[in-house]
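Okay, structure first, notes after.
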Amino acid sequence: MWGIIATWRMAHDGIVAAKEMLTKKATAGDALETTIKTVENYPFYKSVGYGGLPNEQGILEMDAAFMDGDTYKIGAVAGIVDVANPISVARKLSEEKFNSFRIGQGATEYAMLNGFEIKNMLTPRARKIWEKRVEEIAKSNLSPYDGHDTVGVVALDEHNSMAAGTSSSGLFMKKRGRVGDSPLSGSGFYVDSEIGGAAATGLGEDLMKGCLSYEIVRLMKEGMSPQAACDYAVYEFSDRLTKRYGKAGAFSLVALDKKGRWGVATNVEFTFSVATKDEEPAIYIANPGPNQTTVIEPITQEWLDAYEKRIKAPV
Ligand code: GLY
């Protein structure tokens, strides 16, 4: 069996590419890296890689992580700048015994020293959106925080190996040095090839309060299906956080187990893409349903057309 699941519609082209690889017996790590790089390279996605929206000072700081489910090797970067593919740097770092999670200048230097592509990641379009937002905030005292749609992926290959990974430019207008859940093991991602894996998108500050990716893997270990584990972890925690902290930010998680079964849960409208040996790559839309369940439906052409228009709308 093979399978791959990823957060958001933006991951779909990468999932289609990964399917071709996984059917030819590529590793989960290679399929995952291809999926995330496809998102990182596309200039119209505002929350990942090239075209991502910058921090308060107009600097695009990116976070990414890679985890190998066979060995538990993890590599991560936070606040990396001017590097084309943070996921590839994170994957390379996962091979290091020490110093495998690098931040800021240390992360960028590691990428340069190891021959990764150095690139100005702030597109003119992203800069324009930032300038407009700075102006709006100055005029209307708006809250600076906006979108934060991480690409999070879990992959299983024909060799029964699994990998998980994330890449994100984090919150638009974040403070310099702010790091979300995406590079944090257990919060943004977690995978164990003998159980399954999970990955997250949403408000990092709240996701890290619940370590939801690890929690989902733990629940799958106890025998829950990926869907039951996602439903329980997300809705129970969303309710608990609301009760204890006063509110819960938006968050959504995807999971895949070692048999290629998948699950999703979310406290807001959420799209994702999935493919397995038995299922062609497809985009779905998920919403919180009644009694701590998730309603999952195929995406409509109307939704896709509106999305295409929205991401390419003139600034
Ligand atoms: N989930 C991405 C972030 O909060 O940075």
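Note that Cβ sites are derived from N, Cα and C of the backbone, with glycine treated the same way.
Thr150 (active site, nucleophile) falls outside any helix or strand according to DSSP and counts as coil. The feature active site, nucleophile is assigned by TrEMBL to Thr150.
Positions annotated as substrate binding site by TrEMBL: Arg178, Val179, Gly180, Asp181, Thr201, Gly202, Leu203, Gly204. Reduced to three states, the DSSP call for Val179 (substrate binding site) is coil. All protein chains considered, the CB of Val179 (substrate binding site) has 20 other CB atoms within 10 Å.
A C-beta separation below 8 Å, combined with a sequence spacing of at least six in one chain, links Arg178 (substrate binding site) to Asn55, Glu61, Gly170, Leu171. Under 6 Å, Cβ to nearest atom of ligand 1: this is the test, and of the recorded positions Thr150, Val179, Gly180, Gly204 it is passed by Thr150, Gly180, Gly204. Rounded to a whole value, the Cα-Cα separation of Gly202 (substrate binding site) and Thr150 (active site, nucleophile) is 7 Å. Between the C-alpha atoms of Leu203 (substrate binding site) and Thr150 (active site, nucleophile), the distance comes to 10 Å.
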